[in-house]
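Listed in Swiss-Prot:
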type     : residues                                                       : note
BINDING  : Asn175, Glu241                                                 : Mn(2+) binding site
BINDING  : Ile178, Tyr179, Arg180, Arg192, Trp193, Leu194, Arg197, Gly198 : prenylated FMN binding site
ACT_SITE : Asp290                                                         : active site, proton donor
Amino acid sequence: MDAMKYHDLRDFLTLLEQQGELKRITLPVDPHLEITEIADRTLRAGGPALLFENPKGYAMPVLCNLFGTPKRVAMGMGQDDVSALREVGKLLAFLKEPEPPKGFRDLFDKLPQFKQVLNMPTKRLRGAPCQQKIASGDDVDLTRLPVMTCWPDDAAPLITWGLTVTRGPHKERQNLGIYRQQLIGKNKLIMRWLSHRGGALDFQEWLAARPGERFPVSVALGADPATILGAVTPVPDTLSEYAFAGLLRGTKTEVVKCLSNDLEVPASAEIILEGYIEPGEMAPEGPYGDHTGYYNEVDNFPVFTVTHITQREDAIYHSTYTGRPPDEPAVLGVALNEVFVPILQKQFPEIVDFYLPPEGCSYRLAVVTMKKQYAGHAKRVMMGVWSFLRQFMYTKFVIVCDDDVNARDWNDVIWAITTRMDPARDTVLVENTPIDYLDFASPVSGLGSKMGLDATNKWPGETQREWGRPIVKDPEVTARIDAIWDELAIFK
């Protein structure tokens with residue numbers, strides 16, 4: 001089995017174990033706070049995925065830290081290392097704006113991309129592993145799942161890696177999104193989705209088209225990594241997450257129709273929650289510690305009523321925690337950063353690199369380096385970053401530098417900011433823009449400002465002064481000193 005060929009989560013865990021990337025924990029550990037503490041220490045040390053085989057009080061093992069290193073994210077996307085994710089980004093850029101071949105040679109060059117597209121359709125099964133065991137009606141009991149409580153002041157146990165499947169009333173394509181869900185009863189969860197996310201948009205369209213009718217929802221836990229990662233990757237609106245997962249995996253995504261609704265879920269998922277949202281049924285959600293490192297405020301969200309739980313034999317519960325970076329979302333951000341670069345470069349070829357520092361909570365600050373070509377060019381690029389991909393709608397700070405700056409080296413970036421910027425001239429402030437609901441620093445929930453920093457060398461028209469020339473060493477002198485460096489024995 002190689003990184004390109006795994007069928008489901010269990011195959012992937014076997015692959016990880018073969019490579020020393022999975023640790024089985026047999027000691028009893030409590031899902032209440034203790035698993036978070038162990039997973040956090042392991043992630044910060046760059047350690048393996050963790051399978052807790054004996055969570056206290058539960059018969060089901062807990063998988064944590066699955067995507068705790070960029071390497072494992074790359075493996076989940078069918079690649080051997082993080083650098084190869086640039087190829088995934090190039091494929092997405094091609095699918096976002098496909099160009100017809102310009103001739104036979106161009107057709108030959110594009111054949112690998114066209115071949116991958118053949119794996120896009122889903123494969124529908126009549127029966128599936130995820131429906132080997134079925135609970136319905138009074139037998140539904142979410143408290144039997146080892147749902148983690150991650151932080152001391154969290155309101156209740158929280159489902160974190162649930163892949164929520166919805167479909168709007170006028171859409172053929174389903175939406176897959178990852179939204180956290182607070183456990184509030186044997187068959188009740190709070191579905192925390194923000195208003196602009198796909199699931200929430202499907203729900204709003206349903207309310208308008210079918211007022212008063214229950215909205216079908218299904219949630220997959222323990223799907224294969226390609227399907228999970230497909231839900232957090234900027235796939236084109238014309239491409240389903242299942243289709244993209246098939247591209248990553250190299251095989252068609254297998255799905256099965258739910259028992260209680262027409263939604264299709266990953267056939268090999270460990271656990272499926274089926275149910276509905278009753279229009280008007282809301283509940284206060286939170287507080288929860290989140291990826292910012294703070295507890296968020298309480299707010300009302302729809303209640304998800306679970307009517308069926310289906311699962312595999314010997315099911316595994318997949319979970320994570322979110323907290324101040326580094327955490328699993330931050331690691332995902334580092335890896336997916338490589339996917340974003342080719343997509344941005346296709347739209348803005350002048351971009352050399354793009355970096356989302358993990359300490360910036362994965363997406364709140366971006367550094368862009370570019371080949372500047374005219375006055376005002378940096379401002380065009382920063383506006384493009386905010387508007388081109390919806391993933392950057394919440395990016396509060398965009399720093400634009402020249403291509404002689406390493407976007408991933410704060411020493412370089414800070415040098416550019418402090419030597420190439422005038423605060424009044426080179427700072428762009430945009431007010432009343434969409435902001436993450438969890439960003440309590442914004443004056444209004446969901447609405448705040450953005451700042452762009454033009455840390456590029458200034459061109460005529462941007463300054464009237466003679467611009468500084470960077471110091472460059474004499475290469476001949478450098479070569480002469482290289483030749484005698486060991487002889488000098490300065491550090492011996």
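Glycine residues also receive a Cβ, built from the backbone N, Cα and C atoms like all the rest.
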Inset, instruction - Could you list the residues of the same chain, at least six apart in sequence, whose Cβ is under 8 A from the Cβ of Arg180 (prenylated FMN binding site)? - result: Leu158, Ile159, Thr160, Gly162, Arg192, Tyr288
Inset, instruction - Report, in whole Å, the straight Cα-to-Cα distance of Glu241 (Mn(2+) binding site) from Ile178 (prenylated FMN binding site). - result: 12
Inset, instruction - For Trp193 (prenylated FMN binding site), name the DSSP secondary structure in the helix/strand/coil scheme. - result: coil
Inset, instruction - Measuring CA to CA, name the entry from the recorded positions Asn175, Glu241, Asp290 that ends up nearest Arg197 (prenylated FMN binding site). - result: Asn175
Inset, instruction - Could you tell me the maximum Cα-Cα distance in Å between the residues recorded as binding prenylated FMN, namely Ile178, Tyr179, Arg180, Arg192, Trp193, Leu194, Arg197, Gly198, rounded to a whole number? - result: 14
Inset, instruction - Filter the recorded positions Trp193, Leu194, Gly198, Asp290 down to the ones within 10 angstroms of Asn175 (Mn(2+) binding site), Cα to Cα, kept in sequence order. - result: Gly198
Inset, instruction - Work out the three-state DSSP category of Glu241 (Mn(2+) binding site). - result: helix
Legend entry - Densest Cβ neighbourhood among Arg192, Arg197 (binding-site residues), 10 Å radius: Arg192
Inset, instruction - Using Cβ-Cβ distances, find the residues under 8 Å from Asp290 (active site, proton donor) that belong to the same chain and are at least 6 apart in sequence, listing them in sequence order. - result: Asn296, Thr322, Gly323, Leu438
Legend entry - Rounded Cα separation (Å) that holds between Tyr179 (prenylated FMN binding site) and Glu241 (Mn(2+) binding site): 15
Inset, instruction - Specify the count of other C-beta atoms within 10 Å of the C-beta of Glu241 (Mn(2+) binding site). - result: 25
